[in-house]
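Visitor: Copying in the features that TrEMBL gives for the protein in this structure:
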DOMAIN    23-248  domain 'Glutamine amidotransferase type-2'
ACT_SITE  Cys23  active site, nucleophile
BINDING   Cys263, Cys409, Cys460, Cys463  [4Fe-4S] cluster binding site
BINDING   Ser310, Asp372, Asp373  Mg(2+) binding site
Amino acid sequence: MAHGEAQLSEESDHLEDGPQDACGVFGVWAPGEEVAKLAYFGLYALQHRGQESAGIAVGNGDNLLVYKDMGLVSQVFDESALNTLRGHVAVGHTRYSTTGASEWQNAQPTLGATPAGTVALGHNGNLTNTAELLELVRERVGSHVGELRYGNTTDTALVAALFGSYAGRTLQDSAAAALAHVRGAFSFVFCDESTLYAARDPQGVRPLVLGSLEHGWVVASETAALDIVGASVIREVEPGELIAVDADGLRSRRFAEPDPKGCLFEFVYLARPDTNISGRSVHETRVEIGRRLAREHPIDADLVIPVPESGTPAAVGYAEESGIPYGVGLVKNSYVGRTFIQPSQTLRQLGIRLKLNPLREMVAGKRLIVVDDSVVRGNTQRALVGMLREAGATEVHVRISSPPVKWPCFYGLDFASRTELIANGLSVDEIRHSIGADSLGYVALDTLIETTTVAKKDLCRACFDGVYPIEVPRAQHAGVLDDPQLSELPVDTPGGPEITSREAYVGTI
Ligand code: SF4
C-alpha cells in the first residue's frame, strides 16, 4: 500500500484499503534557533504518519502558543504563521485519528492547564484504558477542564487533563505520576512554557528517538525527522522513560519498568525507509524480507515489479535473490492521495487507477511478480491484478512482504475491523482466488521477525498472530465494537478494566 491514502475519499474501497498510520510527533528545545521552523520541517518528514491535521506549539519562557488546523503540514502552515510562533521550545504533531473524530477540536498538540502554566501535548499511539482515565480525571479535577470543555474527544485530552491534576507539583512530577495510570501505546512529546518532555509507554510500541543539535535537543517519531533538521541521533527514548530538557540540561527518569514490545509493522510499512529502528535500517530490513520472500516463494517469471512505493525495497530484494530482472511496471500518481478534494462518482469508480497506472510497454506479454507490503481487505491487490492483466501481463504472481494480517491493531494503527480483513477466515489459496492472482505468497512470520534482528519476545506481532501484549478492552476500538469475534481475542498480559462503549466516553465530555 502506498502511504497517504486516507484523504482522497472515505467512501472509496480501493483508496481506503491500506493500513492508516496513527500520528507523527516532534519536539525541539533549542534557544536561539527558529524552533517553529525546525518543527515544521520535522513534521514534513513525518507527514506519512498522519495527514488529517497538523499543529505546532511554541513556548518562549512566559507563554505557550499553539497553531493547528485540519490538513497537511504544507496546508496548515505558511511563513507568516510560523513567524508568529517564536520561542525556544516547540512540539509538533501530524494526526491520523484513532480515538476521537477527525475534526478541528481533536487536532494536536492538545492544551491543558497545569498548576504552574500550560502544557501542549502530542501523542502517537492509542490508549487502552480511556474509561479508567476518564474516571480518574473526573475524580481529580472534573471532566470540564482543558480541551475536554471544548469538545475534544481524544484520549490525549484526558492525559493532558491528568497532567494538570496534581496540585503543587512540577509538570515533570505530575507527568511521572499520571503516566503510571496510562495503559496502551503512547509516544508523548509535550512542553510547557520552558521545558520539552518526551515519554514512551513501557512496551515502547510506537517509536520515539532522541537527537541532539549543536545547541539543543530534538525528539521525534523517526530518525528520518532528526536527519532532516540536522540533528544527530543519540538513542531511542526507552520504554517506560520520561525525559525532560531545559536550561538545566537533559534529565531522565523511569515511570514504569520496561517490557519492550515494539511494533513489527513499523518495519514492514509504517516507518520511512530512511529511518532506523533499534539500530536497524528499515530499508535494509525490507530488502532482506524480499530476499527471504524469494527463497520461500520462488516462481519462474520475466519481471519483478513493486507496488510503489512501500513495496519497492522488498521487490529489489526479491529480484536480487531470484535473479529475475527488476523493473517499474506501475507508476504512482504521487500527490493524488494528498488532496482533500472529494473525487466525483466517476473518478471514484476508477479506484486504484487514480493512484497507480500500469506501464504497458513494460508489462505486456510478461509473466510478472508483483511485490507489495501487506494485504488488508484485498481490494487494492484485486484491482491491481486486473489492471495488469488488462495491460497485457500473461501471468501475475503476487508476493507479500508481511504475513497475513488477521487481527486488528489497538495500539495506534487503523487497519480495518477484523471482519473486513481478507485473511480472517480465508486460506492463502482462497485469497489468491479472490484477488485473481496466478499465485500468492506471504513471507513467514518468523522470517519477518528474523530480518528485524529484534528478539521475538520484544516485538508486538498482534495483527499477525493475535497475541496482544497489552490487554485490549473489548469495546474500546470504534472499528470493532460490533465484532462478535472479539470475545476470542487472546491476551498474554493482565491489564486494566474493560470499558462499556466508546460512545459513552464521548458523550460524557
Ligand atoms: S498490532 Fe500490528 S500494527 Fe499494531 S502495534 Fe502490534 S504489530 Fe504493530
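Backbone N, Cα and C define each Cβ position, glycine as well.
Please treat TrEMBL annotations as automatic predictions, because they have not gone through curation.
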Visitor: Looking only at Cβ atoms, how many others are within 10 Å of the one on Asp372 (Mg(2+) binding site)?
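Guide: Total other Cβ atoms inside 10 Å, all chains included: 24.
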Visitor: Suppose you look only at the domain 'Glutamine amidotransferase type-2' (23-248); what would the mean pLDDT be?
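Guide: Over the domain 'Glutamine amidotransferase type-2' (23-248), the predicted model scores a mean pLDDT of 94.
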Visitor: Which residues, in sequence order, are found in the same chain with Cβ within 8 Å of the centroid defined by the Cβ atoms of Cys263, Cys409, Cys460, Cys463 at the [4Fe-4S] cluster site, excluding those residues themselves?
Guide: Val205, Leu264, Phe265, Tyr411, Leu413, Arg461, Ala462
Visitor: Just the binding-site residues from Ser310, Asp373, Cys463 whose C-beta lies under 6 Å from any atom of ligand 1, please, or none if there are none.
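Guide: Close enough to ligand 1 are Cys463.
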Visitor: Using C-alpha atoms only, work out the spacing between Cys409 ([4Fe-4S] cluster binding site) and the residue listed as 'active site, nucleophile' and round it to an integer in Å.
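Guide: Cys409 ([4Fe-4S] cluster binding site) to the residue listed as 'active site, nucleophile', Cα-Cα distance: 14 Å.
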Visitor: Going by DSSP, is Cys463 ([4Fe-4S] cluster binding site) sitting in a helix, a strand, or coil?
Guide: helix
